[in-house]
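Lifted from TrEMBL, the feature list:
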- 22-51: transmembrane segment (TRANSMEM)
- 37-286: domain 'G-protein coupled receptors family 1 profile' (DOMAIN)
- 63-82: transmembrane segment (TRANSMEM)
- 94-116: transmembrane segment (TRANSMEM)
- 136-160: transmembrane segment (TRANSMEM)
- 194-222: transmembrane segment (TRANSMEM)
- 234-256: transmembrane segment (TRANSMEM)
- 268-288: transmembrane segment (TRANSMEM)
Amino acid sequence: NHTTVVEFVLLGLTNSPNLETVLFLFLVIAYFLILLGNITVISITLVNNFLQTPMYYLLRNFALLEITFTSTFIPSTLYSLLTEKKIISLPGCFLQMLLFFYLGTCTFFHVATMSFDRYVAICHPLHYSTIMNNRFCLQLVLACWAVSFLLMFPPTIMIAQLPFCGPNVMNHFYCDASLLLQLSCTDTGFIEGLLLIVSIIIIPGTLIVTAVSYGCIIITILHIPSSTGRKKAFSTCSAHLMVVTIFYSTSIYRYIRPAQRGGQDSDKVLSFFFSVVTQMLNPYIYSLRNNQVRQALKESILK
């Protein structure tokens with residue numbers, strides 16, 4: 001009842017007209033690659049019988065998650081760069097915030113789940129089919145979606161109920177929770193503390209699972225007698241670790257610290273890395289570099 005703000009102004013990625021053109025072209029290419037890569041992964045793992053395994057089931061769900069996650073903000077960012085209309089309505093802002101943080105949280109849990117799947121496959125190959133059966137994989141995916149919702153829904157609803165009396169300008173390219181809290185005309189200390197606790201549970205929590213899984217994988221790889229086998233395994237593992245490192249390091253620095261007053265340009269750069277750059281690399285690092293996927297894709301094209 002105390003809210004007088006009816007819309008928010010998102011300053012976007014940059015104020016430079018020349019740089020806006022470059023960013024628009026980069027985002028168009030990045031979004032196209034994200035859609036192309038993930039739609040290819042979903043299609044090829046659905047139609048090919050040789051890819052009906054737990055690993056590709058998880059990758060297919062991860063690809064669907066990436067499409068929905070990036071679609072929450074990239075189209076609107078492209079529209080603002082093209083038309084220079086940087087305004088978003090109050091309900092639209094809250095909806096974007098909810099979807100962005102819910103799907104982003106789900107991404108962390110999916111990355112941890114896929115790292116656990118690779119740990120079981122490499123470190124316990126004889127028990128892989130028993131442990132990673134269809135029922136367990138479905139339970140893992142459903143748990144990722146459900147736990148993410150339970151963690152992120154309460155604080156985002158609390159933010160949506162805050163009064164906003166002005167100003168209404170955010171130095172960002174999507175509706176960020178920490179900046180929304182700064183714009184509210186009431187005390188937000190409790191919600192800020194709650195968001196920090198939730199962020200610590202999500203980011204370092206899933207990082208521990210991912211780091212332990214890849215640590216065990218590396219130890220197992222070192223015991224492979226064949227140098228060719230070790231080189232091949234390290235090539236795959238190092239590519240995964242590169243993307244995971246970028247994703248987690250930028251996310252931790254962005255969210256596991258007090259928000260900077262008014263928003264900083266560095267925050268936008270960090271957000272751009274973990275929300276666009278890593279999402280663009282994921283389908284090619286996790287799936288399309290795989291020989292089985294490439295062979296299945298080649299056969300499908302020939303057919």
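A Cβ is built for glycine as well, from the same backbone N, Cα and C atoms used for every other residue.
No curator has checked TrEMBL annotations; they are predicted automatically.
Model, not experiment: these values are computed from the prediction.
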Short question: most Cβ pairs under 8 Å with the transmembrane segment (136-160), which of 94-116, 194-222, 234-256, 268-288? 94-116
Six or more residues beyond either end and a Cβ under 8 Å away: which residues meet both conditions relative to the transmembrane segment (94-116)? 55, 58-59, 61-62, 65-66, 68-69, 72-73, 76, 88, 140-141, 143-145, 147-149, 151-153, 156-157, 159-160, 174-177, 180, 202-203, 206-207, 209-210, 213-214, 240, 244, 247, 251, 275, 286
For the transmembrane segment (63-82), find every same-chain residue at least 6 residues outside the stretch whose CB is under 8 Å from a CB in it, and list them. 10, 12-13, 20, 23-24, 27-28, 30-31, 34-35, 37-39, 41-42, 88, 96, 99-100, 103-104, 106-107, 110, 173-174, 275-276, 279, 282-283, 287
